[in-house]
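Visitor: Quick one: the structure is below, questions incoming.
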Amino acid sequence: MKTLMRHGLAVCLALTTMCTSLLLVYSSLGGQKERPPQQQQQQQQQQQQASATGSSQPAAESSTQQRPGVPAGPRPLDGYLGVADHKPLKMHCRDCALVTSSGHLLHSRQGSQIDQTECVIRMNDAPTRGYGRDVGNRTSLRVIAHSSIQRILRNRHDLLNVSQGTVFIFWGPSSYMRRDGKGQVYNNLHLLSQVLPRLKAFMITRHKMLQFDELFKQETGKDRKISNTWLSTGWFTMTIALELCDRINVYGMVPPDFCRDPNHPSVPYHYYEPFGPDECTMYLSHERGRKGSHHRFITEKRVFKNWARTFNIHFFQPDWKPESLAINHPENKPVF
């Protein structure tokens, strides 16, 4: 309980300074010149050409083929509402690069491969500036935890660059995301969308959050609340990617038993914090924690490994794939 109270107090303190940050956003970005339509069109053409050229990795595999003459259009996705207009998210990608924040990406030179993918997905405040050779430069979707909003605002010039057309999905406890005037995070997101009207900001609804909890219970047999678990942004991002993408290439995610090897290489938890905590130390401390609330990183990776046995998920940097099992996983994607 004390840990939860401290978590709540920390969030409240962050929210008290958010208005000041938003004013800075208004002054620095409110008058920012938009990229001319011609440049936007050229950028879109370049991205389409990159997707068409393919790469050394397998191309996207789609379960259905679009009939000639029938216009393709993404269907609305339940549970993701626009902050400004409350309209559902419409997005679909043939192939996606889900770029983790792991230190395994340092010196990987995977950037060009990532940028050739149709849609590039990133998490929280993971930067591209200065790391493009390893993690790429494009961002199609960024999934952001409520606790990372302050860091997003501090790096707004890079992370809130509306010229890329990036979609932002914010998640958080339902009490922070209420739309009745009492949801502090939602209120600030709504203000941000007014300051930056071209920002494609979406939030996960309360009902969808409950579905994410239920999915965790179905896949692990553990109740999230009873087990004192906070779902990680990686959990939300992987599940969202399964809804959006026909194929998912995951960069920087280790297999669930990686940290058991006493000779595993030591890498930073975040590639952009080279002197930060060790990745396996972070994973193990959260997995074993019982008092307070923790992320169950290794448990989540076991689920992802299991999904990859059936669904079109592939892991790179490090490269690995799950061993086959005699019993097949159900062929329906774990979404609601």
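We count from 1, first residue shown onward.
Heads up, the Cβ atoms here are built off N, Cα and C, so glycines get one too.
So Swiss-Prot lists these for the protein:
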TOPO_DOM  1-8  topological domain 'Cytoplasmic'
TRANSMEM  9-29  transmembrane segment
TOPO_DOM  30-336  topological domain 'Lumenal'
COMPBIAS  38-49  compositional bias 'Low complexity'
DISULFID  CYS96-CYS245  disulfide bond
Visitor: For CYS96 (disulfide bond), which residues in the same chain are close in space, meaning a Cβ under 8 Å from its Cβ, but six or more apart along the sequence?
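Guide: Those within reach of CYS96 (disulfide bond), by Cβ under 8 Å and sequence separation of 6 or more, are THR117, GLU118, CYS119, VAL120, ILE121, SER140, ALA241, LEU244, CYS245, ARG247, ILE248, ASN249.
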Visitor: When DSSP states are folded down to helix, strand and coil, where does CYS96 (disulfide bond) land?
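Guide: CYS96 (disulfide bond) sits in a strand per DSSP.
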